[in-house]
């Protein structure tokens, strides 16, 4: 034991000599003279060669005119009253500056004098080596109106803030205080808590979070015809607090949504906790934390409804929980009463268009409003709404058009269209349709409904008698009352309607008219009726789905269309980024599957596949929605958890091993003593 003590003492002496004599600070023998102006700053460069975290204890002192003004010991800084907030140890990144150098800011005339840098070693005799470096500072105050300028302050909310702006000539000078460019006397919430002393200083008592900002002290001396401006920044720190919480929030069912916690924190936020129905809420089931603490719902469902509260924290703590937030899951609305497809009235009539709606569960009535699809405003003096119904009185020519009833709530918006036609304005429907045919075409003839209006354009609507899709053919000549429809199938029955258009828009369809093409082998045309063929069109892909593969990519699969497979040209795969519905990618393939890679994490996508026929007809499949979770963040959490478990396991094994070894050593000692 004695040998160890002696060895330790010798090592201590050697280290002490090494640090304190070979790597001590090197004092400057000749004084250094510095000059600066009031309000500026100065750097006292004092060389210190050994690191600040040396194992040998020491104290760094800065003296002014023989009195200590600044000290550093064991990482703790202290300064005298006149130098608090103005003198700091210089950052180590200042390169050639010594490690004992300090920066003195917001200079005053009273800062002039002799400064000395000195290092004291309390555990060494002698405790200092030589005299420290001497500096002489001269602060030029010839044109200065300030005795003590303001400095930056950091206070805690509720404490007083005191800014110096001590006048050098109080008898001839006057002072004004500004905050962010506005006179303090013009800011009621600050004026009521602030006092400007006769010598120009400002006190704000108590401070609030809204007081943060830059303050200006403006001094005017009429006798000397001079003006001076000094500035300082007030930083008010406070506990993290909720500043706003809506009493009720609606989340759209089946869509993405965000529940925000509106807070402020200085220092910055360190943690944010959510509660649901009085219990700590741990996000799950498609709910994630965003970086600002908000809750992100990837797909809202009924389980997300409830009473929420948030509570923010920072280094000072928390100001408490938010008020209760009632989260309601809002289902999309359903139109229960739709307007008629067409309303036909005469000039001067009154029309009432009906519309009503409820949400899916029938609990709430959504907002209902009417617009015109062409963007023209409703006549404010002749239109009114009652419930969901729109009434237009004394109809005029300009009222003709397509109207839209929009039903909206927080979940979605659905619409229903209707058209208002005026009998005396719209072209009357053509009538007395006749036709003749060949095996591949039908020539159709009609009599116009409005003989006195030659500006009417006609459009032929036609389809196979059993088909769902219509095709159109515009008659090129306005004076022609017949048209030939080509490229038809032999022995098939087709249905026709003729529509007239003028400058006011569409008129009224003629009555439906059916006619057969002639068969090529002159069999009964009824034999050739085939409801499946639809103008050489193709059906949509079916049963679209998107699944993740083991390699982290995504496989899009679908079934071929029910009809028209022999006319398939290619499949078009498209996917959009939601909720902005931005096209993110597209691909072409003749297979019924496609691999998609490099989808962004924490994003929602919608996929759809289209079958394209040889005649360039498109048919779209069902839409498939998929959310890509934030795997990187989840992997990082999993790796961190695994590493922690491994560390605990190793520590446990080491503890068991050391304990067993200790027991073995005790047992061996006992056996030796017994022998």
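Backbone N, Cα and C define each Cβ position, glycine as well.
Any TrEMBL annotation is an automated prediction that lacks curation.
From a predicted model like this one, the values you see are computed outputs, not experimental measurements.
DSSP assignment over the domain 'Ig-like' (27-119) gives 9 helix, 39 strand, 45 coil. Annotated domain 'Ig-like' per TrEMBL: 27-119 (among others), in sequence order.
Per DSSP, the secondary structure of the domain 'Ig-like' (122-230) breaks down as 10 helix, 49 strand, 50 coil. According to TrEMBL, the feature domain 'Ig-like' maps to 122-230 (among others).
According to TrEMBL, the feature domain 'Ig-like' maps to 240-311 (among others).
Among the features that TrEMBL reports, domain 'Ig-like' is placed at 333-415 (among others).
Mean pLDDT for the domain 'Fibronectin type-III' (426-521) in the predicted structure: 82. TrEMBL lists 426-521 (among others) with the feature domain 'Fibronectin type-III'.
Per TrEMBL, domain 'Fibronectin type-III' is recorded for 540-631 (among others).
Annotation source TrEMBL lists signal peptide at 1-20.
According to TrEMBL, the feature transmembrane segment maps to 636-658.
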If I count Cβ-Cβ pairs under 8 A between the domain 'Fibronectin type-III' (540-631) and each of 27-119, 240-311, 333-415, which range comes out on top?
240-311
